[in-house]
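Working notes, beginning with the structure itself.
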Amino acid sequence: AAPAGAVSFSVKHTAGVQVEVVTDDQSQEVPPDGGKQWPLDPGTVLKLSMSKASGLPPTRRAADSVTVNYYGEDGGPPIDQAGVFLTGIGISLDVDADRDGVVEKNNPRKASWTWGPDGQGAILLVNCDKDNPLISALDCNDEKIFRKEDLQDMSRMILRTEGPQRLPAGYEMVLYIPMSDSDKVGVFYVENPFFGQRYIHVLGRQKLYHVVKYTGGSAELEFFVEGLRFPDDTFSGLVSIHISLLESLTEGIPRAPIFTDTVVFRVAPWIMTPNTLAPVNIFVCSVKDNYLFLKEVKSLVSKASCDLKVCFGYMNRGDRWMQDEIEFGYIQAPHKCFPVVLDSPRDGGLKDFPIKEILGPDFGYVTREPLFEVVTSLDSFGNLEVSPPVTVNGKAYPLGRILIGSSFPTSAGRRMTKVVRDFLYAQQVQSPVELYSDWLTVGHVDEFVTFVPLPDKKQFRMLMASTSGCYNLFRDKQKMFKGYSGTDTKRVTINKVLSNEVMVQENQYVQRCIDWNRDILKKELGLTDKDIIDLPALFKIDKLGKAMAYFPNMVNMIVLSRDLGIPKPFGPVIDGDCCLEVHVRSLLEPLGLMCSFIDDISSYHKMLGEVHCGTNVHRKPFSFKWWHVDP
C-alpha cells in the first residue's frame with residue numbers, strides 16, 4: 001500500500017526487467033533509470049516481464065529488481081520506497097511439433113495437434129515390438145529399457161531450463177500426466193551416472209507425476225516417450241504431458257502451480273498396405289498335402305524378387321489359412337517406421353505364429369479380442385482388405401480405404417466383432433467401407449474383389465468375380481467343359497452347365513449380391529465401370545443358403561507387383577488351352593501384368609479357400625506421411 005500523503009510515484013529497475021505503466025488502457029514503457037512520475041490511481045497497473053533468465057551470462061545476476069518511489073504533494077524527495085526482487089526462470093517442455101525429426105525449442109503450437117501438410121503436433125509410436133529376445137512381453141508392457149535400440153521406438157522430449165544455480169526456497173518443478181492418459185503413455189528419463197547411462201521410468205500406468213531435479217544455468221533434460229495403446233473407440237489417440245513450477249512460500253500450505261507448459265502427442269495409427277505397394281515377404285504354411293502348392297508359390301515369389309517365409313507344421317498345427325490369421329500393416333513417426341502385424345481373434349492352429357515368429361525387433365504386434373461376442377468366419381482377415389489410394393467427389397484418401405465384409409443391412413446375419421471394427425474405424429486415416437459378404441459360406445470380401453497395380457494415371461484396377469461374365473463366356477464357347485468342376489471330377493459339357501436351370505438361378509442370385517457390392521465400391525471409392533475388370537466365376541449354394549465357389553475362384557489371387565498368382569480354374573479345354581485362363585490372360589496381360597496359374601484345388605479349394613486365403617504378404621509402407629491426411 002502507498003504511504004499516507006503520497007500522490008505520485010516513479011519506477012526504477014535493473015536492465016534485466018521490462019516495466020510498463022498501464023493507465024486508462026494506455027501503456028508506457030519505463031526506462032531503467034526512471035525519472036518520470038505518475039499520479040497514484042487505483043486503475044494504474046505495473047506490468048513486469050523478463051526476456052532472459054536470471055544467473056546467465058554476461059551479468060550472471062541471481063536476481064533483478066524493481067524499485068518504486070512515492071512522492072508527496074510538495075514535489076520534494078521521495079517520502080517512501082518499496083521494492084521487489086525478481087528471479088527469472090526459463091522453462092520449456094519441447095517436442096518435435098513440426099514433424100521434421102528434430103526437437104525444436106518452444107514451438108508455439110506444441111500444445112495442440114492439427115492434421116494436414118501444414119499441421120503441427122508431435123507423434124508417438126506404440127512401442128509394440130520386442131527388442132530383447134529374452135523377454136516374452138511387448139516392449140510397451142514393461143517399465144524397463146534393456147537395450148538402447150528400444151529408445152529409437154520412442155519420441156524424444158526435452159525439458160529446457162534457464163536460471164540461477166538453484167531455485168528459491170519453496171519452489172519445485174513437477175512433470176505429470178492426467179489420470180486418463182496413464183494407460184496410454186509412458187515416459188523414461190535418462191540419467192548419466194559415472195558408469196554409463198540409466199533409463200528410469202518416471203511416468204506411466206502407476207506413476208502420474210515426477211519431481212524434476214533443477215540443475216541450474218542452461219540445462220537440457222532428455223526424456224523418451226512411448227505409446228502404450230493404439231486409438232480405439234474410447235481413445236482418440238491424443239495424449240498430453242505437462243511441466244509445472246509449483247510455489248509454496250508458507251509452511252503448511254500446499255504448493256500451487258504458478259506456471260505450466262504443455263505438449264500434445266498423437267499416437268500413430270495402424271495402417272494397412274494395399275496390393276499396389278511392393279511386396280517384401282510372402283508367408284505361407286507347409287502342411288501335409290500342399291507340397292506342390294508350395295513349389296508353385298516359391299516359383300512365383302522368385303519371379304517377384306521377394307522373400308518366402310514358410311511356417312512349418314510344428315507352428316501352424318495343421319492350420320493352412322495364413323491370410324485369415326493375420327494382417328500386415330505399419331506405424332510411422334517422423335523419426336521411425338516399422339511394420340506391425342494385426343492378429344485376428346479367430347485363434348486357429350496359427351494362434352501362436354505371430355507372437356513367436358513375427359514379433360521381434362522393429363516388428364510390432366497388436367490384437368483385439370472380443371470379451372462377449374461370438375467369433376465367426378467374418379472375423380478372419382480374408383474379410384479385411386484395403387483399397388489403393390482413391391479420390392471420391394474431391395475427397396482424397398491417399399492411404400486407401402479399408403474394406404470389411406458384413407451382413408445385409410436389414411438382416412441379423414454375421415458381422416465382424418465390434419472390438420475389431422471399432423479398432424479399424426479409430427485409426428481414422430483409412431476410413432472403412434462395409435460391404436455385404438454374409439451371402440457367402442465363408443463370408444470374406446477377398447472372395448469377390450481384389451486390386452492390381454497399373455502404371456497409368458489411375459494406378460490400379462479393381463477385379464471382381466462375375467457369374468454373368470462366366471455364363472457369357474461359356475455361351476460363346478458352347479464346347480466341351482474339361483477339368484475339375486465342384487466335387488465332381490467327371491467331364492461336364494458347357495451345354496450341361498448352361499442347361500442346369502438351378503445353377504443358373506443360383507448364380508443370378510450371386511450376381512445380384514456382387515452387383516450390390518459393386519455399386520457400393522463404385523460410390524465409396526470413386527470408380528467407374530472402366531476401372532473394374534470382371535473375372536469369370538461360378539458359385540453353388542450350400543444347404544444353409546450360402547454361396548461357395550464352383551471351380552477355383554480366380555479373383556482370390558496373390559498380387560506381387562506385376563506378378564499374379566491366380567487359382568488355376570480347370571475350366572473348359574478348347575484347342576488345348578483352358579478357356580478361362582486364356583480369357584483372364586487376355587484381360588490382364590495387355591496391362592503389363594503376368595499371370596501364373598497355381599493349382600490349389602486339392603489343398604485349398606476343396607476346403608473352401610484359394611491362393612490368397614493360404615498366403616499373406618508383408619509390403620513396403622506408403623511414401624505418403626499419414627499426418628498429411630485430412631480425415
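Even glycines carry a Cβ here, placed using N, Cα and C.
Across the domain 'Protein-arginine deiminase (PAD) N-terminal' (1-87), the DSSP tally of helix, strand and coil residues reads 0 helix, 39 strand, 48 coil. TrEMBL lists 1-87 with the feature domain 'Protein-arginine deiminase (PAD) N-terminal'.
The domain 'Protein-arginine deiminase (PAD) central' feature in TrEMBL is assigned to 89-247.
Taken together, the residues of the domain 'Protein-arginine deiminase C-terminal' (258-628) have an average pLDDT of 93. Residues annotated as domain 'Protein-arginine deiminase C-terminal' in TrEMBL: 258-628.
According to TrEMBL, the active site annotation covers Asp324 (among others). Note: Asp324 (active site) has non-local neighbours Ser344, Arg346, Gly348, Ser380, Phe381, Gly382, His444, Cys613, i.e. same-chain residues 6+ apart with C-beta under 8 A of its own C-beta.
Residues or ranges marked as active site by TrEMBL: His444 (among others). For His444 (active site), other Cβ atoms within 10 Å of its Cβ number 27.
Within 10 Å of the Cβ of Asp446 (active site) there are 26 other Cβ atoms, across all protein chains. Under the heading active site, TrEMBL lists Asp446 (among others).
Residues or ranges marked as active site by TrEMBL: Cys613 (among others).
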Query = Looking only at Cβ atoms, how many others are within 10 Å of the one on Cys613 (active site)?
reply = 28
